[in-house]
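What TrEMBL annotates here:
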DOMAIN    57-144  domain 'S1 motif'
DOMAIN    160-224  domain 'S1 motif'
DOMAIN    247-312  domain 'S1 motif'
DOMAIN    421-490  domain 'S1 motif'
DOMAIN    510-579  domain 'S1 motif'
DOMAIN    692-761  domain 'S1 motif'
Amino acid sequence: MEEDFDFPRGGTASKPAGSKTAVQWTKVDNLFGSLKKKLPKQNLIFICFFSQNVKEGMLMLGSVKEVTDFEVAVSLPCGLQGFLSIRNICDSYAKLLSEQLDSDDAEDFCSLPHLFYPGMVIRCVVARLDTSKGGTLSIQLSVNPKLVNKALTSGSLKAGMILSGCVESVEDHGYIVDIGINGTKAFLSKKATLDKQGLKVGQYVTSTVEKVKNEGRVVHLSAGPIADSQACAQSTQGWNLANLLPGLLVKATIKKVTKHGLILEFLSCFSGQVDFLHLEPEQASSYKEGTEVRACVLYVELSTRLVGLSLRSHLVHPGTRVDPYPTGGDRVGEVVKDCKMTVVHHKSGAMLELPDKTVAFAHRNHLKEPSQTANDNRLLAMPEHTCRILLYSPMDQVHFVSLRKSMIDKPFFRYNDLQAGQVVEAKVSVLLNHGMVVHVSDHIKGLVPRTHLSDIILKNPEKKYMEGMKIKCRVLSVDVENKKLYLTRKKALMESSLPLFLSYADARPGRVSHGFIVSIKDFGCFVRFYNNVKGLVPLRELSSEPIASPEEVFYVGQVLKTKVLQCDPDKAKMLLSFKATVEGDAADAAVPQFDCEVGKSVEAKLVKKTVTGLHVSILPDEIRAVLPTAHLSDHMSNCPLLWEGLQEGDNISNLICFSKNKNIITLTKKPTVRWSLEEGLVAKDFSEITVGMQLIGWIKNIMSYGVFVEFPYGLVGLAPKSAMSDKFLSDVMTAFQLGQTVIAKVTNLDEEKRRFLVTLKISEVISPEGSAQTRLLNGLQEKRAVAGMFATRDNSDLRQQLAALSVGQRLKLTMDTSDDGGGATFTSDDLVGANILATKHHVVGVNLNPGQKVTAVILHVDILATCVHVSLLPKLVVKKKSEQSTQRRYSTSTKTLLSSCWMTQHS
């Protein structure tokens, strides 16, 4: 029986640094050859190539992804990315760059966008590996021919070799090309190149050696099309493991086929590997031992004698150009549901198929959370997965994704996830002379300009801001294309309740908003808002009093209320006034007034979903408000369901305002809290609270000594540990959930400190008659409403099946396993992929054996967790008296009893 091969991460240990100086290249060849003789074929070990295999000095093939004035982003194999600095092109370009710094004449100087283009395939060497404080690896590359071709000598040059180099100088009839070999001059005739516009100093070229003269001291090159018959490297050209270059095309023979890749033999005596990412997808299942194929060298790592090859069609043809963009457009950051896992590669990752048949790869680190234990079989058995697209790798022509929930739930992943005017939390990275760099997420960084660090200009910002500090900022502008984000820390802008001018269309005449001064002239002040919307306040509109010198009254960065007098969106021009706001005209232009006092019932439209809740606009005047996730229901188990089921644009009814301040209106949908507000059973101020008063609130915070309970109008009381329950609590942290609705009774008042204590003991509070059953029925109604949402909107077949189930419904099941806690798990042919379980309380007195067919009754359906809780108790599994009902559903009272059985044990 043939042994199955694997691609474990990592490589063999590197040789001591001191041993490298004594290595002779011919001996390396012998070592490689002896490896082939010594090791039986079945003992060959595959090394799946990832970031931990990258070493300084390693040669790699890459393709240009993005080009800026000072740096080139390069796509590398296996989803890696490197960066090519303007300093690491070649010696002649570095010299030219240095000369330009000392001269104003830039006529002969070409910036990087003129030398490189997206999709361009380049040979490069790992110049340096940098690791950030967060552990992120940054691969710094070089295309300097002296490093890429350092193993070549004048004597090793042969006609037909394909080499990379950079233009060293421009001559009358051609170009001197730096190929990095001492004592060799390489000449490229203008007739032998396809570039009609001419090459520039520093330009990267891939060329074929046409002639070798004077023992390699003079070489003639050609950069024209390469004939297919001459594209592959030949063993007669003297290639060995030491001078083998990435990008070479070779004829190879398949020596071993495994489910993880291939082992090839090429150039007579070399072995290399092709991992699963670089098999041609349409032919992945048809490769056979002994078949001859054309392969491209991807990387060469001498210390482990690792040679990576590719069989992908976009790399195995001469003069190839890699498409830097996926056919479906940019999808980075997109969350994709209903993905199917097709294969798991041990210690490497897994391949997935997205709903549109796009193939994606999830690295093993992104199959689970860092704290979780890997379970490949469980992942493969799951019928559907949700993932987030992390990046697109042009070299691999595949999307890389993550299955981590923490990654999927991140609110900000790309720059276009942010909008001007948004308030975000960021982490201070570094203070610079012109401002402060902050990170909104691992992938997004922004700048708070120095004038925006505070309402006033800070002389010593380092005293207020420290690295790692978490702060709140407001987005001023986002430039998605150039990945530039500007934010403000000015309190006046952060807390402004006036409408935001995000575009010139928002700045209608008569409206008032907060803006900041960016320039002061003799004729007035220029004021900027969001997204670089700006206008002029002329001298006459600065103040009701005459101002001769505006710079003596105002300062750059100052925040002021500004009224729009005139606006022309087509010409992007605005005429503004400070004077009109002071004179009281602002009342006409402010946000339309709306009576949304605490206790006001409203309807709202869902604008945006965040991790903590919903951003809504109160209808009909579209006043901004917040609906926290915990306030979607009295039943905490329903809150995430409702959050998941609601979609942007939905109208939400039965809302009531429970808190309002100058910054924000907060709403609740909790029926119990709404009832208390409508009945006036609330305290509007501390002065209205009396000992013995009963209030309905919710858990705001949980501490070791008790819980803080919040009530409408922003009042907060403390329930000490001794007053939380009639039973002894060994662990306060698990007794309640944040946001849980509770009935509290005031037991103590501290008038001086304006504090009060409450009790949550059931024996000491009086619940309204029938309130428990009402709350339970409300919870069931909410679940039915959510089930309807999932049944009509969700694309998941399993979720739609679960949504169609109801409490009390009987299921035919097969007993699967029993757990250590005394419960049991089951399977159902109708609910493939669902977790069906019964706790020990619901299998009492029932004899169960694996494979046994049983009938159970549904207690609870958790759609998000794809879990069904059932009971096998005979007193619950009863037949309906009416044989006419084919669905065999229970009455409302029975459903209430069954739900109560589950909720009592899980509350």
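From the backbone N, Cα and C atoms, a Cβ is placed for every residue, glycine too.
For the domain 'S1 motif' (247-312), the DSSP counts in helix, strand and coil order read 6 helix, 37 strand, 23 coil. The DSSP breakdown of the domain 'S1 motif' (57-144) into helical (H, G, I), extended (E, B) and coil residues amounts to 21 helix, 36 strand, 31 coil. If you look at the domain 'S1 motif' (247-312) against the domain 'S1 motif' (692-761), you find fewer than three C-beta pairs under 8 angstroms, all six or more positions apart, and that falls short of contact. With DSSP states grouped into helix (H, G, I), strand (E, B) and coil, the domain 'S1 motif' (421-490) comes out at 6 helix, 35 strand, 29 coil.
Mapped onto DSSP helix, strand and coil, the domain 'S1 motif' (160-224) counts 3 helix, 39 strand, 23 coil.
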